[in-house]
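J.: The active site annotation in TrEMBL covers E444. Residues or ranges marked as Zn(2+) binding site in TrEMBL: H443, H448, E501.
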Amino acid sequence: HNEMDGIDATLHHVKNDTPVVQLDCKTAFENLSPNERLYAHYIARASFEGALIDFLQMSPESAGIFVVLHRIFAAESIDKLKEKALSAGFTGEEWQNFLVWSAALYASHGNYKDFGDSKFIPVVAANKLHAFVASSAAASLSPDLLSIYREVESAIYSLTKRTAGLGFNDSGVTTYHSDNVTKDDSDRINRFMKEKNLEAWNTRLFKEVNGGQTTLKIKIASTNNKTGVTEDGEFEGVKVLQEKGDYAPILAKTCVHLSKAAEFAATPNQKAMMNKYVEHFNSGEIKDHKDASRMWIKDVGPIVESYMGFIENYRDPAGVRSEFEGFVAVVNKETSKKFAHLVKEAETIIERLPWGKAYEKDTFLKPDFTALDVLAFGVSGIPCGINIPNYDDIRQNEGFKNVSLSNVISAQPKQKIAFISEEDEKLLFDYNGKAFEVQVGLHELLGHGSGKLFQRNADGSFNFDKEKTVDVLTGGKVTSWYEPGETFAGVFGQLSCAYEECRAEAVGYTLSCAPDILKIFGHEGDFGQLIKYVNWLGSIKKGLLALEMYNADTKKWGQAHSWARYVLMNVVLEAGQGFVTIDETKDSSGADDLSFKLDKTKIDSVGVPAVREFLKKLQAYKSTADVKGATELFYKYGTVGPKALKWREIVIAKRLPRAMYLQANTKLSKDEKTVEMVTYPETAEGMIQSFVERYSSASIDDLCQLWKADQKYFPRAYGKC
């Protein structure tokens, strides 16, 4: 049963030549003391155990598919399974595709891409896959394996306009809301949360209708369900319940490892931080996670760095609920020196941004900024840099931390680069790593770290001078601001992620042109100018490649960073003067092609002024909570017209598979005193083996029980309505 709904299924296949790239942290790990290794090991275990939650947060079927695959691969060798697949009628190519599809599902923590939010399906026919699953050793070892497989079978292959991508239930798939939750329900709960001064980071929203009575249930991630359900009575005509205990068995295992990590902490603050995470996962209270985050900001310059919780809200269609993530990494001392220098100069550099003192935080809270080599990152998509915590109140008033993930930035496969000259391609191969490091540093520290939100306080006072502050766009007084309890994400909603990424990218583009800033990163003179060109070339070209992430049917973007870069490409195209040109051409085989050129002599004279002017508007609307002005501006440049749709087709035809990151496991000795690192080959089989060894059957059983309990909220995924 394979619904296609007029969708091109080939766009939803994982290519057999998808690169698998090791996150290399061997040296970093070997440089740790025995105690630091134990601390890192337990945080790694906590991160990976907690990340099982992501399968439940991705799509209704993701966790069920993962349970089936994990049991199959854990029960017998890949060689034995290959024999069974061939007997079930697989070709060699189809077997390879099944392995690559499984590896992609592991890497993405579900069957939707970690970059682009579009569904991916196996190439092998459903009847062959069914026969293979039935013939596996796991099918006889786990009595419920086949019944689980039957539940998810149609969802594995279903490609309708709705199931092709993530989004609100009317036009996409989400498990942050039950099937029957509408955008109106979501907006109503946002108003409820604001009124009660609650934050939605670690929640899901499920709706139940009984005898004409609608109940909106806020499910809160916690091990504690003793407090059970708190009745909040009626709100706008519906009953609202808060129910703790979501993901309880997974979080309980996470807490065990965090408590062990606390025993090996290097400082009392680190120990308190681990225990505070435990408190948060037990209680489900956001205030506990905010306290852990405060301790984390104070954990300055540690050797082993980590962070954990429900952090990024990219995947929730409403933009307020977050995915579980946890990471542990080792500080890369050499690269960190450059970032420390950047932090030292940050206050004076920020003055160059195009909005003036009144639009900047009263004091720049100098963050800890380090370069890290990731040991373990439990998440659906590993980023290159992070600026956290995401709590506006802490970032504005107490501080934040920046990290650049060195071994992620360097783990880029060498693939042919489309649309540019051979000369430019060589420059990107040779210098993109260095240029990207500059861009990530500026994007995280001075992009996400800059700018003020104008706020009315609970006592009626303001955090800015209402009489003297001049609106940078109108020249008059500032007439709008955030009311008490309002946050940027809450006010800007679905637009917030792409808007903020666009602002941070633009800061990087403009500041990467300053010779003194390039010098901080060790790039001077002509070489500095070369790095500047490579950054602009690589970054603006990403705006063209971003079109792959646009869904022409739903007119929606699957990725915040992609939409942000597409917007900035249009800003510089509008600036004209031959600075950036994109021409439609033909390749050697006569197929449609594109030629992308950026004139390096016009970066300072055309590119920078255009981006600065646009950046000023982005900041002005963000500071003043003007979501209407912000939306008009963003859609002016972010809408995909007929010309861009043609480009999109060419981009898709020439697209290359994104690499999957393969991570090592840490392993405790029998006496629990030493830790070793286990690495795997850079293949789909290596990825599968790393997951087989990462999770015990008990953890998989817990996940399975939670998935079964969730099913009643997602009848559409199982063809039950």
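Positions of Cβ are set from backbone N, Cα and C atoms, glycine also.
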J.: Taking 8 Å from the centroid of the Cβ atoms of H443, H448, E501 as the cut-off, which other residues in that chain fall inside it around the Zn(2+) site?
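T.: Same chain, not in H443, H448, E501, Cβ within 8 Å: G385, N387, E444, G447, E500, R503, A504, E505, V507, G508.
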J.: For each of the recorded positions (E444, E501), count the other CB atoms lying within 10 A of its CB, then report the residue with the highest count.
T.: E444
J.: Based on Cβ atoms within 10 Å, give me the single least packed residue among the binding-site residues H443, H448.
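T.: Across H443, H448, these binding-site residues, the one with fewest Cβ atoms within 10 Å is H448.
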J.: To the nearest Å, how far is the Cα of the residue listed as 'active site' from the Cα of E501 (Zn(2+) binding site)?
T.: 10
